[in-house]
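Taking it in order: structure first as structure tokens, then the write-up.
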Amino acid sequence: MSFRTIEWRDDKVIMIDQTRLPGEEVYCEYGDYKSVAEAIRGMIIRGAPAIGVAAAMGVALGAREIIADTHESFLRQLDNVCDVLARTRPTAVNLFWAIERMKRVAADNCGGSLDEVREVLKAEAIRIEEEDLALCKAIGRHGAGLIPEGATVLTHCNAGGLATAGYGTALGVIRAAHEAGKNIQVFADETRPWLQGARLTAWELMKDGIPVTLISDNMAGFFMKRGEITCCVVGADRIAANGDTANKIGTYSVAVLAKENNIPFYVAAPTSTLDLSLENGDQIPIEERHAREVTHLQGLPVAPEGIAVRNPAFDVTPARYIAGIITEKGVITGDYTAKLKALVKP
């Protein structure tokens, strides 16, 4: 790919500003954990795996800001850093997975000097980024076989390189199928209200030379009924133990329409997106965002002033609508409760 979503460079975190795409390809530099937290909250970086990487790098930056005389004081202050990052966005479990991993690494390496702990945390954050890229490539390899020759694939939101350390989950499957020589095309839902499909997915696929057609969200059923959609592939922000999946708002509607039209609906996600502590999707916390995201577009009002607004950022697709969950370890179908549990066994 010709862009980098996030990287550690010269003890700074560099991110592409996704709020300014597709008009401008601008990279932002962050040298402290609070600014990384604001970047996550403000969706300069978004997508569950990507914000997990960002949170890990934020912890590494925060460790460098801590002034402490003892390991105990260092770990207490690091907990505060982690709390700030954890409060940014509540739904994507990768955020919390990455933070907990960084906390464990810090605790396990407190036998050396504090400077050594800081270096270990930096190395771990970079390792999380590198692992995510490798996981996405593996997801792509496992999922590519599900995409038939000549397929038209519908995707919702952006689960591409911009949502990960690179390559993508849902778009990773599409990329891998394209790289295998399959003649495929993509229909991208625009994905209101943030327009991740229009601004980000369309931009990514066009840069890669993969044929893509943009549609508004309420057109998906029309094209499904006409037989123009072969399958659907989306990403995930959190997957409960029974396979219920939280993803960008509107995903549930796509899944229901796909089921009605006998179109397979696949979820692509790394195992770090699994939350087996939750029995089902009803327990997944759903982030509600500011009304202005709905009432304004590109800074201009598109609704009457003072109108009541609801703006959940995610919805939950019940497992019964999902034909398969594509992970870096393979494709899971059928009894998700048993198979997901087996998937993460050490």
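Keep in mind that glycine also has a Cβ here, set from the backbone N, Cα and C atoms.
According to DSSP, ARG89 (substrate binding site) is assigned to coil rather than to any helix or strand. The Cβ of ARG89 (substrate binding site) has ILE40, ARG41, ILE51, LEU95, GLU287 as same-chain neighbours under 8 Å, each 6 or more residues away in sequence. Positions annotated as substrate binding site by Swiss-Prot, on the basis of sequence analysis: ARG46, GLY47, ALA48, ARG89, GLN196, ASN247, LYS248.
Taking the Cβ of CYS157 (site 'Transition state stabilizer') as centre and 10 Å as the limit, one finds 29 other Cβ atoms among all the protein chains shown. Residues or ranges marked as site 'Transition state stabilizer' in Swiss-Prot: CYS157.
According to Swiss-Prot, the active site, proton donor annotation covers ASP237. For the recorded site, ASP237 (active site, proton donor), the DSSP three-state label reads coil.
Report note: the substrate site is defined by ARG46, GLY47, ALA48, ARG89, GLN196, ASN247, LYS248, and the residues of the same chain whose CB lies within 8 Å of the CB centroid of those residues, excluding them, are ILE51, ALA92, CYS157, ASN158, ALA159, ALA163, GLY235, ASP237, ALA313, PHE314. The two recorded residues, GLY47 (substrate binding site) and CYS157 (site 'Transition state stabilizer'), have Cα atoms 9 Å apart.
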